[in-house]
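These come from TrEMBL:
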- 39-124: domain 'Ig-like' (DOMAIN)
- 128-232: domain 'Ig-like' (DOMAIN)
- 239-260: transmembrane segment (TRANSMEM)
Amino acid sequence: MASVECQLSVKSGFVSVVLVSSGVNSVFFSVSPTYAAVGDSVTLRCHFNLAPEDLGVLDIEWSIKPSDVREEETLVIWYSEGKCGDLPRLLEGNFVSPDPASGNASISITDLTPTDHNTYQCKVRKLPGISMINICLNVMERPTEPECNLEGVVDLGHKVVLRCRSTQGSSPMWYSWYKESRNEMLPNDGYVNSVQGDLFLTVTKENILGTYICTAQNLVGMDTCRLTLKFSSAVRIRVAAAAAGTALITIIIIAIIIFCHHKRKIELHLGCEIIEDEMPPHKWLPKKSQQVIPSRSVLKVRKVCNI
């Protein structure tokens, strides 16, 4: 009986699927497809151990499983009685080990193309034992470098749209936006359409300006583009003039307040006057004597201030 241990790993570091099977006529399918990019190299790993009762000739076959179960499998690489063979017109691949009979029946496929997108079967046979496993390989195109564009006028109070598009790449593809400075988050009212690649912003203040980075990504790769959000020359002049005007008005208001306060203090200081009250007539003196100017000691003095 042959015990087969199969796994699929991609050199570029993407998803790996490991499946273990044992027993006669056992077939296992990958629960998770593995993805690789066009132009990459991939290793389909198939390791096995022979049981003492397996005494026949060792045969190893790699074949492509058709999508239609009524069609026959297509043999691409094989090993039998110490000899290896392949069909290079169907697959750019070879056995990884110079001696597959040692227990390593893995194959390496180089320079992947979309036609390599298939379900592959590794079959190990040494009578009376036989085991096999199916591995699904999805070959995809990486996203091309996206193009970033700005729609709208960058001015205070205006809405703008930052657009990001990658013209090539396999689906599913999604987009993300972030500011070049990792310490800065997207504005609270910013909205990203991850499917279309659009970032919607409202220019509410100057700190919303800066460089934004868009990432286009799928299951096998990613690429980025940059877009700098800034005021035009005319807007910068207008914003600067508005700021200078605001500062000048503030200075004038402060000067008026200081002047009024100082003037009030002067009026309080100079607005006081001395008033001398006339003494009441002395009834015991004759009327002629009452017209005599009283002495200073008996004058009543009042200080009256205009407040």
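Backbone N, Cα and C atoms are what each Cβ position is placed from, and that goes for glycine too.
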The domain 'Ig-like' (128-232) - residue tally per DSSP class, helix then strand then coil: 3 helix, 56 strand, 46 coil
Segment confidence, the domain 'Ig-like' (39-124), expressed as mean pLDDT: 86
Residue counts (helix, strand, coil, in that order) that DSSP gives for the domain 'Ig-like' (39-124): 6 helix, 41 strand, 39 coil
